[in-house]
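As written in Swiss-Prot, here are the features:
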- 17-24, 64-68, 123-126: GTP binding site (BINDING)
- 39-47: motif 'Effector region' (MOTIF)
- C213: cysteine methyl ester (MOD_RES)
- C213: S-geranylgeranyl cysteine (LIPID)
Amino acid sequence: MTTNKSNGNLVKLCIMGDGGVGKTSVTIQFISNHFVHYYDPTIEDSYRKQCLIDDQVYMLDILDTAGQDELTAMRDQWIRSCEGFILVYSVTSRSSFDQVQFFREQIIRVLDRDDVPIMMIGNKSDLDDERQVTFQEGKDLARCLGMSFMEVSAKTRLNVEEVFNETVRCVKRREESLLKKDNSKDGKGDHSKKSSIFKKLNQKVNGAKISICKMM
């Protein structure tokens, strides 16, 4: 595939969540295939990676953001610049799980729409002895809030690549849905009601059950 084609498929993603949940670890594992044990707290880092997803080349522009409350104003700017979002909590931290809804509400408020492609992920799934949030709790919250869901491990790389791939797919499904809606405006049928409906597909990735969004 040509460079021009990949440049025409730039997808901007933002990874958000409470401090210390492993946002940077997940991102660097995806970008560089290695796990970082120690790093300085992130304010804002940007990464790029070319990926082949469903036989299509995409250039992913990934914004890794800070979780600190004092950076809320900056976070609004990050949200406006992105098309898809990955919300991270740690399965070893109940408080970070409780913050997921706050971050989702901020995204919805800033973008002023509720059909935003959002993937919710529970990181540190390898630390089962320290787990405070069950897989079912994560799945139930994601379903309630209309988000896709996976558990991942930045350390072992479990589901890390799948998270980014599925988020891109959700972004593209929304684009296709909006295009169909625009094309049907002058038609006889009214399909607009279906354009922002998410359907859930249960799949298995690396032996772990995941919940994936599909826009109709």
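A Cβ is built for glycine as well, from the same backbone N, Cα and C atoms used for every other residue.
Everything Swiss-Prot records as a feature, shown here on the structure.
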residue	record	Cβ within 10 Å
G17	GTP binding site	25
G20	GTP binding site	13
K23	GTP binding site	26
T65	GTP binding site	24
S125	GTP binding site	23
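Mean model confidence of the motif 'Effector region' (39-47) amounts to 71 (pLDDT, 0 to 100 scale). According to DSSP, K23 (GTP binding site) sits within a helical segment. According to DSSP, T65 (GTP binding site) is assigned to a strand segment.
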